[in-house]
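Heads up: the structure comes next, in structure tokens.
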């Protein structure tokens, strides 16, 4: 189908943009559903199912908890002096020594996990007048009775248990972590059999702190053949400070100290397989890529990870507004520029030209405007990732039953943070999408205005993204318009002449329509006059009588 007004002396040039048959729906600030030619998913919703051991050093706890490894449970001796970035605790971990409790378990676990090491230094504590290295059949080390390797169970020597008063200064330039404990016998008889005194006492102090523990004698549920318990405590001694231990019984003494380090190490509960692979981000479900700014896999993370959000999907537009082409038009059909719809099949650019002239029809992309849009869009994903991904980890939180209110508050804070990030993510993506669409629309308008300024009075804006060129414009001429070298002065006289001729024809065609309407109106008027005259004549002759009743 030829374009209106197109012959050898004129041409038509349309500007358009890329379109696809089925676009992607995204959200903007002004519209919840707008179709674009291309978009990328911003939310990571799945993990690899395995924990990668690179670049982070992963220590598999296997059947040991971190605290059991710290104390020196016989079946955890393999972890002595180990280091890690992430300690992975398994659900099948168990204790296999004398039953114990840690009143401040969560704090100790977190402290040791963040230190990233079980490096232990033995010190020469002097325990005079007592028996050292006590053991239990609940804590077998091989065939013999044993005990936690990092602790020293002190009992009576003969029939005496003297008051112990031991000091240990910290002359180093780092913090030292001392682990110690108090034994709670199950009966009074067991108390006197082990420590002579009917009631013991343990006091551990530094210049900054002091703890005094009185044993609670009484039977408890049997665990590994024992109804007694050991309570584990810990003390940090700063450089220049002194550790003082005073006791008259029931002391589970330290054998030395753990060297504390500061760092980004952590701990995570997971049953995911540890494999040889590379991933910066780890969750209990397994490692996940961090090439997206958001994730919906797990709230608990370690490493450089996407932010956790509630949404399962957030689409970032990386293409322009999509207006699918009407397929019934052919190449030009009834002339469709960018104002009416987009063009499919533009594989070499986002913006371009279609023309029809004496040499036929053609299409070409405008690489300059395409590149301008792409350059501004390409960095969007990286910029969003930079705003959201950080070198941080979200650790698990544990609280004892008596800290229930603190746990509720912590959960509320975490849920609020997730709500805020989910909202921020929604707004951030909507803003970026709005900017992308406005940007691509702007580049189309810039190209159209640039073409209009070149053609000037040599062409007429047809109102739909096309120009009618009023001079002969072969393919070389069309190319000069596309590349910006068109000289309108060269074609001005020809264009003016052709414009007057074409407008004149259109004007004459318009006069015919006016004449027809005027003739029709005059004919109707004359018919009415004749009819009225006949009625008046008939009334005068008496052939027609007209009665008017009031």
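Cβ atoms are placed via backbone N, Cα and C, with glycine included.
Since we're looking at a predicted model, the values are computed, not measured.
Other C-beta atoms found within 10 angstroms of the C-beta of residue 277 (disulfide bond) number 12, with every protein chain shown included. Following the DSSP three-state reduction, the secondary structure of residue 277 (disulfide bond) is strand. Summarising the annotation, Swiss-Prot assigns disulfide bond to 52-277 (among others) and lists sequence analysis as the type of evidence.
Residue density at residue 76 (disulfide bond): 27 other Cβ atoms are found within 10 A of its Cβ, drawing on all protein chains shown. As annotated by Swiss-Prot, disulfide bond applies to 64-76 (among others), with the evidence given as sequence analysis.
The disulfide bond feature in Swiss-Prot is assigned to 97-139 (among others); the stated evidence is sequence analysis. On its own chain, residue 139 (disulfide bond) has 73, 74, 96, 97, 98, 145, 146, 147, 148, 224 as residues at least 6 apart in sequence with a Cβ closer than 8 Å to its own Cβ.
The DSSP secondary structure for residue 305 (disulfide bond) is strand. Cβ neighbour count for residue 305 (disulfide bond) (all protein chains, 10 Å cutoff from its Cβ): 29. The feature disulfide bond is assigned by Swiss-Prot to 281-305 (among others), with sequence analysis given as support.
The Cβ of residue 473 (disulfide bond) has 10, 11, 13, 355, 357, 481, 491 as same-chain neighbours under 8 Å, each 6 or more residues away in sequence. Positions annotated as disulfide bond by Swiss-Prot: 473-477 (among others).
The DSSP secondary structure for residue 8 (N-linked glycosylation site) is coil. The feature N-linked glycosylation site is assigned by Swiss-Prot to 8 (among others), with sequence analysis given as support.
Remark: residue 22 (N-linked glycosylation site) has 324 as non-local neighbours, by Cβ distance under 8 Å and separation of at least 6 in sequence. Under the heading N-linked glycosylation site, Swiss-Prot lists 22 (among others), citing sequence analysis as support.
Among the features that Swiss-Prot reports, N-linked glycosylation site is placed at 38 (among others). Cβ contacts within 10 Å of residue 38 (N-linked glycosylation site), excluding its own Cβ and spanning all protein chains shown: 17.
Around residue 165 (N-linked glycosylation site), the same-chain residues six or more apart in sequence whose CB sits under 8 Å from its CB are 244, 245, 246, listed in sequence order. Taken from Swiss-Prot, the feature N-linked glycosylation site covers 165 (among others).
According to Swiss-Prot, the N-linked glycosylation site annotation covers 285 (among others). The C-beta environment of residue 285 (N-linked glycosylation site), restricted to residues of the same chain at least 6 apart in sequence and closer than 8 Å, consists of 47, 49, 270, 272, 297, 298.
The N-linked glycosylation site annotation in Swiss-Prot covers 483 (among others) and is backed by sequence analysis. Neighbour density for residue 483 (N-linked glycosylation site): within 10 A of its CB lie 12 other CB atoms from the protein chains shown.
For the recorded site, residue 539 (S-palmitoyl cysteine), the DSSP three-state label reads helix. Among the features that Swiss-Prot reports, S-palmitoyl cysteine is placed at 539 (among others), with the record citing sequence analysis.
Look at Swiss-Prot and you will find 546 (among others) tagged as S-palmitoyl cysteine, backed by sequence analysis.
The feature S-palmitoyl cysteine is assigned by Swiss-Prot to 549 (among others).
According to Swiss-Prot, the topological domain 'Extracellular' annotation covers 1-514.
Per Swiss-Prot, the feature topological domain 'Cytoplasmic' maps to 536-550; the stated evidence is sequence analysis.
For the recorded positions 64, 97, 477, 539, counting C-beta atoms within 10 A of each C-beta gives the highest total at 97.
Taking CA atoms as the reference points, residue 483 (N-linked glycosylation site) and residue 477 (disulfide bond) are 10 Å apart.
Checked against residue 477 (disulfide bond), the recorded positions 52, 76, 539 differ in C-alpha distance, with 52 being the nearest. If you take every residue in the topological domain 'Extracellular' (1-514) and average the pLDDT, you get 87. Of all the recorded positions listed here (8, 52, 64, 76, 281), 8 has the Cα closest to the Cα of residue 539 (S-palmitoyl cysteine). Considering only the recorded positions 38, 52, 277, the residue whose Cα is spatially closest to the Cα of residue 76 (disulfide bond) is 52.
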